[in-house]
Amino acid sequence: MYTKIALLGLVGSAAAFNAPMMTVRRDAIATGAAAAVVAPMLRPAGAAMKKDSKAPCVEVFDERDGCKAAGTQKASGDDGFCVKVSMKAIGFNAAEAASVTKNYGIKRFGAKSV
């Protein structure tokens with residue numbers, strides 16, 4: 001319902017827009033260029049990237065312990081699995097990163113083998 005209302009409002013506003021005849025194409029392009037220059041400066045502070053280095057971690061728990069039940073199971077949706085998704089801080093270990101770079105010959109982003 002809300003989608004239809006939003007779409008109707010969008011179509012109505014587009015139909016109601018009528019550029020004045022005295023507007024010159026050059027003025028319209030200059031206004032658009034000025035808006036493109038100013039737009040990045042008007043971003044809200046909340047849009048900045050967080051620097052806490054958290055990433056989603058997915059854990060899957062199996063209550064069956066890897067055992068299958070005797071006979072055939074019907075697809076009831078109760079398969080004995082549980083999924084946990086949480087945000088965890090991801091640490092940086094410089095020694096491990098250097099080891100991976102050295103052992104796998106990775107040369108990206110200026111990383112050099114030690």
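Even glycines carry a Cβ here, placed using N, Cα and C.
Of all Cβ atoms in the shown protein chains, 8 besides its own fall within 10 Å of the Cβ of D52 ((2R,3E)-phycoerythrobilin 1 binding site). Among the features that Swiss-Prot reports, (2R,3E)-phycoerythrobilin 1 binding site is placed at D52, S53, with the record citing experimental evidence.
In the structure as shown, the Cβ atom of E63 ((2R,3E)-phycoerythrobilin 2 binding site) sits within 10 Å of 8 other Cβ atoms. Among the features that Swiss-Prot reports, (2R,3E)-phycoerythrobilin 2 binding site is placed at E63, C67, T72, K74, A75, K84, with the record citing experimental evidence.
What Swiss-Prot records for R64 is (2R,3E)-phycoerythrobilin 3 binding site.
Recorded residues S53 ((2R,3E)-phycoerythrobilin 1 binding site) and K84 ((2R,3E)-phycoerythrobilin 2 binding site) have their alpha carbons 19 Å apart, per Cα-Cα distance.
Around the Cβ of K84 ((2R,3E)-phycoerythrobilin 2 binding site), 9 further Cβ atoms fall within 10 Å across all displayed protein chains.
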